[in-house]
Amino acid sequence: MTTLLTNIREQQPLVLNVANLVTMQRVADAINVLGASPLMTDEVAEAEELVAIADAVVLNTGTLSEARWPLFVAVGQAANRQHKPVVLDPVAVGMPYRAQFVTRLLDMIKVDVIRGNAAEIGWFAGVTVAGQGIDAHETDAHVANAVAAAKQTGATIVQTGVIDVITDGQSTRQVTTNSPLLAVNVGAGDMLSGMVGAFVAVTDDYLVAGETAAQVLGQAGEQATAQGPNQPGTFVANLFDTLYQLAQAEVIA
């Protein structure tokens, strides 16, 4: 964790986002407090030139429309041509339109990391998963689903829940944290996807990048929760403060 956080601070990678319009500000802030630079685009014409200056790309399908389809394709294909890592956040991919959108997208671009919850990752594995997260007795099944999704897509999977599962289909890591307020704040998953973008920008080991991003957000969430366990609004401010302090402490150390 220390090395990658230091690398982000020293290299200041630029992370290009095709963002969920609902959570765009929080994603930008999460990337920024780590020491990376966020950049958002909603224009097809600038895809090639923005990817050229970016170190990683994050595609988030949270706010979809057919009008945005060319944007996803243009940014994703430009990233592939320029050998920039691509992170996909397939929000609510189990819904029919979103499923066919993501299916078409994966036919046209290569993604390196997919970050989603258990239900979203289960879709890639061809299984239906209830959306309540990961209970202890379900852990083995959720790990198996993540591994299957990695093998099916060829991407590193970052599956989030009570227990985060990170796998490339061969090696699997788990991150366990206790921060229930992350679950009640819209955008926490999108923030993590943006953070994964920052970490894959500074290492070719996407398994370690995904694990580190999950550890950092989980640790920050635990510390922020401890400051106000029943204050979800205050939690957001505390979360960003804690993320910043963690990144700074690792660099200073």
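Numbering starts at 1 and runs along the chain as displayed.
Each Cβ is built from the backbone N, Cα and C atoms, and glycine gets one as well.
As recorded in TrEMBL:
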| type | residues | note |
| --- | --- | --- |
| BINDING | MET40, GLY187 | substrate binding site |
| BINDING | ARG115, THR160 | ATP binding site |
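GLY187 (substrate binding site) sits 13 Å from THR160 (ATP binding site), taking the CA atoms of both as reference points. When the Cα atoms are compared, ARG115 (ATP binding site) and MET40 (substrate binding site) turn out to be 18 Å apart.
Counting only the Cα atoms, the space from MET40 (substrate binding site) to THR160 (ATP binding site) is about 24 angstrom. Look at MET40 (substrate binding site): DSSP puts it in a strand. When the binding-site residues MET40, ARG115, THR160, GLY187 are compared by the number of other C-beta atoms lying within 10 angstroms of their own C-beta, MET40 comes out lowest.
In this structure, THR160 (ATP binding site) is part of a beta strand by DSSP.
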